Each structure stands twice: as C-alpha cells, then as structure tokens.
Amino acid sequence: MANNMNFVRVVANHNSQPSRHIYIKAPVTMAQTVRGADAAGNQNQNAGKGGVETTQLVGGQRPGAARKANRMLLGLLEDSARYDMKSDYSLPDTWLRKRRATAQKTAKAEDKSVDTKKTRAAGKKTKPSEAGPDAKARSGMTSAPSSSSTDAAAPAATGKARNGKARAASSVTRNTVLANASPFASPSEDVIELQHQFFRITDHQDCVNREITSSLLLTPKDVADQQIVRLHFILYPDVSEEYKVTFGHPNNGVFNPIHEIGKCIKYAVEIYFPKTFKKKGSKLLQQLSKAYASMNQSAFVEAVEQYNDLVRAIPQDQVNEHLQQTKKIPRAFIHDILQMAYSRCVLPNVNGLKEYRSFSNFVYGELLPTFLSTVYQQCDLKPGQIFIDLGSGVGNCVVQASLEYGCALSFGCEIMKNASALAKSQLKELEERCALWGVDLKPIEFSLRKSFIDNERVNELLPQCDVLLINNFIFDTKLNQAVEKLIQGLKPGCKIITLKNLRPSGYTINFDDVENILNRLKVEKFTLPEDSVSWTYRGGGEYFISTVQADIDESVFHSYAKGRVRGMRPAKYTK
C-alpha cells in the first residue's frame, strides 16, 4: 500500500492540475508526468525487501501493466494530434477497434487451410498402381518398391538420370504453360457491341506516309538466333512493321514481340477477314499456336510469312464491306491497341515519372484498362458524351474513353511536365496506329502543364461534363477543398468517379450552405478488384461513383450519416 501512496503523491506533486486537464490540454506534460510516475515506481520497488514488495499492485494493476497502459495512452494522444476528422475525413487505425472473426468464420478458414494442404499433398503423389500395366508401359514407367527405406537407399549414381528427367519435365511444363498462355490460341470471349462508328477507312496514300514508332527500339540487341520479321497491316498491305523474334529471349519484361505479332494476326482474322477467308485464317492461327507451343522459331516465322501472303491476296473491297457490317468486336482488341501505343511511348521513359514527390499531390499512379472498362460501363458512358479526367497523367483514361466508348470529347488536364510530354507522344502514336487499323478515334484534347484549378478550359467544360474522373487517392485537404469548389457547377446526371469519397465521413447537411453540391450527391461505394491500379495488384480497396441529383439526397438528413449518433444504444464491439 505504501508503494501505491508514493505513486499517487509523485503524480500530484508533478502537476497541481487535475489529471483530466493533463490528458486533454497538455499531452507533453502528460508524457513527463508518466515518466515521473514510472521513475518513482522504480525507486519504490528498489527500496522494498524480498519478493512481496516487488509484486505489490499499483492502482489495482501490476507496475508493468500500468506502464504499458500509459504508453498505449501516449500513443493515442500523439496519433490524435496528427489527424483532424473535419479536414482529413479519416481516423487513424489505432482509434478503431477491429472485430474478431467469429467462431464460424475461424472454423471455415481452418477447414479451407486443411483442404489446401491435402490438395498440395495429393498433387505430389504419383499415379496409383491400379492404373494397370498398360498404362505403365505407355508412360515408360517401371514398378518401384513402395518401401520408403528402399527409396532412401537408392544409389547416388541415379542422380544424373533423375536430374535429366527433372529437366525434361520442366521443359514439358514450360511448353505447356506457354501453350496455355498463348495470346492467340482461343477466340476472344469478352465481346462488346459497337454503338458508334468504330471503323473509318482513310485514303491509302495518307496511311502509307504514317510514321509509327518501331518495335525494334523495345527489344534487346545482339541476341543469338534473332530474326527480323515483317508484319503487314490487313487494310494496307504495303505498310509493315518490323519485329525481332527469338524464342531464346521472348520477353524482356517490358515488351514481348511474339505476343504482339500473334495478337495482331488473331484480331485480323477475327475482325477483318471476310467470311470467305475465315477458314484459311483459322488454320493459320492453329499453325501459329502450334509453333508457339513447341518453341519452334522457324515454324513461327514461316506462319507469319504465310499470313503476309494471305493479306496481299484478300481483295480490299471485301474487307471494307465486311467492316461496315461488323457490329461486335473483342474488348481486348481495344486494350491491345492502347497497349501498343503505351509500350512504345511511355514504358521506355517511365523513369521520368518517378520524379514525383512521394506523399504529395503529385504522386503518379495509373488506373488499368480492365478496371476502366468496368467503371465506364457502370457510369453508362455513351457515344456523344463528354468525359473529363482531372489529373490525367499520361492520358490513359482519356484515350480509352474515346476509343472504347466514342465520346464526343475526351478531355484531360495534367500539371506535371514529364507526364504531359508522354501524354502528347502517346496520343500521336495512337492516332497513327488507329489510322492503320482503320479505327475512327474521336476528338481528344489535353490541357498540359497546367493545373485544373483556375483553368479556363476546365471551367468551360465542367458544366457540360457527363462523366468526371478524379483520382483523389492521395489528395491533401487543401486540394480536396479546391475540388469541392470546382465541381459545384456540374449538371444533374453527371457521374463522378473517385477513389476517395467526396463527401466526408459523418457528413450532414449544412443549412447555411444548402446549395452545396455535396448535398445533392448520391454516392455508391464499390470494392476495387485485383489488378485495377498500378501501385498494387491486390484488390479490396474502394472506389466511389457519385451521381449529381437535382434535389438534395435524403441520406444527408438521416441519423446514421452523423459522425456520432446520440440518444441511441451504442454499438457493441468485441474486445
């Protein structure tokens, strides 16, 4: 009891104010007080004799537990000084008590883990002997003793044979994986219906003079067994692009010429070939896939040459007539055209994008094509509408909205110098390639090296905007407030895509500012799928689609929209 009294006396003498004022008004003083209390507790423990004094409870707890609780409290106080719920719309994780998984969920997770282990163990087992001698004869296997001691006593001389079998097995596995991963082995499944004029055949002489970035700049130099192959365009057989092909080093981690050749031939057969030539094109694709699966470089090059001969033999008027009747195309065709321009203009200069300052408004990140197709579809983006991207980076979102949905205008604004330069070069490359593929690219406009704040062109277009994209994942408070002012003039029906909610947590209507657009937003939250953004492959994040309404949204009046519900039973949380 003496230790307890000494402890209380030290705290009281350190600061004459009540303890509740210490906690609220002076966290630094609180830290000093706790340190003083710890020191006093240590002195009292040293003064005691025997084991009885050292185990004396302090304030109903052991001294170690009290110090631990004080450190946790200090951590919370320091954390609270960094966050302001009103301005940053978030709380630190240490303020949120996480629910424990229920017993049912825990049991299911354990069962799933056991099943996974069993599956892995079963995958390592050989085929059972009940398959019969015929199966063993076909596979070239001989019966082996099942005794583990016999396996352990196998002579070391068989190591070479085993290694040889392992190498052969790994070679077969690699070929199987390549065959399964063939970009041109199976027909495209995700098909979209064209709601606008997608194809436009331009003057032949104009396309002959088109300048595209060569793929040779993306492939390594002086590689053994490397062959240069020409691939002719289906609409303009006089125009071709060169590729370096080698199965020894098919992929340098950035660009795979073999994949791109196969995809170009696949799309030409699926989309551009008239019905009378479809059968020949399908056989050619099978030949190409077989050469790819067997890693036969000469057979692959021969198949490409046969494709070039077939392209020259197809009458161009039949191709043009077939395109006029085409109403569906694979969505992957659009994504791959975008990738062709991106890989030649952005990837070689991607290091310039790393100059962005971390944890600032100028951190660079990309939304990937598959996610953009999904979110544009959720926003019901249509031909003839206006799409705007504020903070457009290298322009990926802008060009995809134009190419995939045929917007009347796709507009992007970017302030950073390097990203602006890449956006300009990527747009030029895309225009050249779309012309060679006969694709009608709708109007695209950029406001480069300029902020979207106090931007005359942005202010002019926003009232007409139908779909607005703002990647506000790392915007600070000041920029979020500027965005709130900027979007006040959006028309009813406009969709706003964001990675952070425009309306802060616990937002309720301010009757002194009833006309604020935040009162008229209908906010929908969605889970971010895997491979949606460039900065992480994991999913599980959130994105929001807010629809501007003509009237005030009812949710801003509801009690659950408040940050703290009063007069209601508090929610129960597990410890």
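Using the three backbone atoms N, Cα and C, a Cβ is placed for every residue, glycine included.
As the structure is a computational prediction, the values presented were derived from the model and not from experiment.
These features come from Swiss-Prot:
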REGION    40-65  region 'Disordered'
REGION    102-172  region 'Disordered'
COMPBIAS  107-118  compositional bias 'Basic and acidic residues'
COMPBIAS  142-158  compositional bias 'Low complexity'
DOMAIN    243-561  domain 'DOT1'
BINDING   364-367, 387-396, Glu414, 451-452  S-adenosyl-L-methionine binding site
Quick one: give me the count of other CB atoms within 10 A of the CB of Asp389 (S-adenosyl-L-methionine binding site).
27
Are there any residues at least 6 positions away along the chain from Leu367 (S-adenosyl-L-methionine binding site) with a Cβ closer than 8 Å to its Cβ? List them or say none.
Val375, Asn396, Cys397, Asn471, Ser532, Val533, Ser534
Can you tell me whether DSSP puts Asp389 (S-adenosyl-L-methionine binding site) in helix, strand or coil?
strand
Using DSSP with the three-state reduction, classify Leu367 (S-adenosyl-L-methionine binding site) as helix, strand or coil.
strand
Please work out the number of neighbouring Cβ atoms within 10 Å of the Cβ of Ser392 (S-adenosyl-L-methionine binding site), leaving out its own Cβ.
26
Average pLDDT across the domain 'DOT1' (243-561), rounded to a whole number:
89
Once near-sequence residues are set aside, which residues in the chain of Ser451 (S-adenosyl-L-methionine binding site), 6 or more away, have Cβ atoms under 8 Å from its Cβ?
Cys413, Ile415
Sequence gap of 6 or more, Cβ distance under 8 Å: name the residues on the same chain that satisfy this around Gly395 (S-adenosyl-L-methionine binding site), in order along the sequence.
Gly412, Glu414, Leu422, Ala423, Gln426, Leu427, Ile444, Phe446
